[in-house]
Amino acid sequence: MKNWLSEMNAISLKKERLIIGLMSGTSLDGLDIALCKIEGTGLSTKVSVIAFQTIPYTDAFRDSIKKICFVKSVDLEQVCLLNSEIGRLHGTYINQFLRDNNIDAKSMDLIASHGQTIFHSPKRLREEDYFSNATLQIGDADQIACVTGITTVADFRQKHIAQGKEGAPLAIYGDYLLFSNNAENRIFLNIGGIANFTLLKKEATFDDLLSTDTGPGNTLMDQYVYKNFEGKRYDKNAEIALGGTVNVDLLNALLDHPFFENELPKTTGPELFNLEYLYEAIRKANLKMLSHEDVMATLNRFTACGIANAIKQTQLSINSVIYISGGGIHNSLLTNNLKELLPSLSFKNIETLGINPDAKEALLFAILANETIAGDYRSFGDNALSLGKISLPK
Ligand SMILES: Nc1ncnc2c1ncn2[C@@H]1O[C@H](COP(=O)(O)OP(=O)(O)OP(=O)(O)O)[C@@H](O)[C@H]1O
Ligand SMILES: CC(=O)N[C@H]1[C@@H]2OC[C@@H](O2)[C@@H](O)[C@@H]1O[C@H](C)C(=O)O
C-alpha cells in the first residue's frame, strides 16, 4: 500500500534531500528556481545549489499580475483566476527547468514555493486597529504538485502571522542556520524589490537575532523607470541615475515617513512605497522642475539611506561584515551610496560564502521546507519552525 505519510517519513529520514526552492518576489521579474542539495537539518544544514535559473514572465503575464498586486481595489475574479494560473505556470516552468538541466522529476524530494505576494498588511501600517497582521501569497501549490508530480510545501508566511509576527522577513531562519559563526559579526542584506537584513552577531543564539525590512530596495526605482522610459523595466547598471544629481529637498521629503522611525523589526512593501509615495514627496518638497535623471539619482540615494539608517539603528553598524545579495547588488551606484553612508562596515558579495546572490531567497525557502519535513521543530525555541502547508501530487 502507498501511503503519503510513510513517503514523507522516508523523505524526512534521508541523509540528503533534493529540494527545488522557488521565489517570485516583489519585482515581478520572473520565477527564481534553485535546485538545492540539502544535507542534514538545523544548525548542521549544508546546502549546495546544483542549478539555478530565473525564468522571466512574459510582459502580458507580468501586466496581469501587476493589476492585482499591492493595491486596495482589485477585480476579485482576476485574483481567483491568477491563484490557479500562477501555480500552474510555476509548475510548467519547473518542468521546463528540469528538462533543460536533464534532471528526472522523480529524483526530486520536494518543491518549496513562496508564491506571489499580492498584499502585505502589517497592523503597524494601518490606521484602524481591529485586524491583526496579515499577508497574502497566491499561486496554488496543488497546481504545482499536480503539474510536476512533486510534493510541494508552500504558504510559509501564515504560521509566522499566526505566531503574532508580521509574516516576514523569513530570511532570519535560513541566515541563522547557514551563516552562524564565531569569528565575525555579520549583516546579511538582500536588496530585492524591498530591502531587508538579518543581523547575526558572532556566537549568537536564535533569540539574539534580528531580521527586518528597511524600506524600498529596487521597487521605487523600477516603478519610475517603467513609467517614464519606454521598453525599460529597471535602471540597468544605474545608467539613468548616474546622469542626474541628488535633490536634497526631495530626499528629505522621501525620508519623512513614520516607517523610518519605527523600531526594528518592521516590514513593508510596494503597498506603501509606490509612485504615489514619490509624487506626494515631490508635492511636499514643492518641486516643479526635476529631470528624470535627478529623480532616479535621488531615489537611488533614498534607497541607500533607508538601508543605512536601519543598520545604524542596530549595535552592529561598526566592525561588522555586510554580505549583500539580491538584484540590487548589480546596481553599482546603489552599493557605492551604501559604502559612503556606512564607512565603518566592510562590504562583501554573499558569493564569498559560496552562495549565488541571485539564488539566495529561493534557496532560503528550500531550507524552510527542509526544516518542515525533516527538522526538529524545537530548533528555534518558542519560535517553532514548521512553516508551510503540504500539497500532494496525487
Ligand atoms: N544590472 C542591473 N543593474 C541595476 N539593477 C539591476 C540589475 N539587475 C537586476 N537589477 C535589479 O534587481 C531587481 C530584481 O531583484 P530581485 O530579483 O532580487 O527582486 P525580488 O526577489 O523580486 O524582490 P523581493 O526580494 O523584494 O521579493 C530588478 O528589478 C532590478 O531593479
Ligand atoms: C510579504 C513579502 O513577500 N515580503 C518579502 C518582500 O521581499 C523582501 C522583503 O519584502 C521580505 O520581507 C520578504 O521576503 C523575504 C524573502 C523574506 O521573507 O525574508
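One is the number of the first residue shown, and numbering goes on along the chain from there.
From the backbone N, Cα and C atoms, a Cβ is placed for every residue, glycine too.
Secondary structure at D32 (ATP binding site), as computed by DSSP, is strand. Around the Cβ of D32 (ATP binding site), the same chain contributes G21, L22, M23, S24, G25, F52, Q53, T54, D358, A359, E361, A362, each under 8 angstroms and 6 or more positions distant in sequence. TrEMBL lists G25, T26, S27, L28, D29, G30, L31, D32 with the feature ATP binding site.
One residue stands out among the binding-site residues G25, G30 for having the most other Cβ atoms within 10 Å of its Cβ: G25. Only T26, of the binding-site residues T26, S27, L28, D29, G30, D32, place a Cβ under 6 Å from an atom of ligand 2. The residues near the ATP site, meaning same-chain residues not in G25, T26, S27, L28, D29, G30, L31, D32 whose C-beta sits within 8 angstroms of the mean position of the site's C-beta atoms, are M23, S24, T54, Y57, G192, G193, in sequence order. Among the binding-site residues G25, D29, G30, L31, the residues whose Cβ lies under 6 Å from any atom of ligand 1 are, in sequence order, G25, D29.
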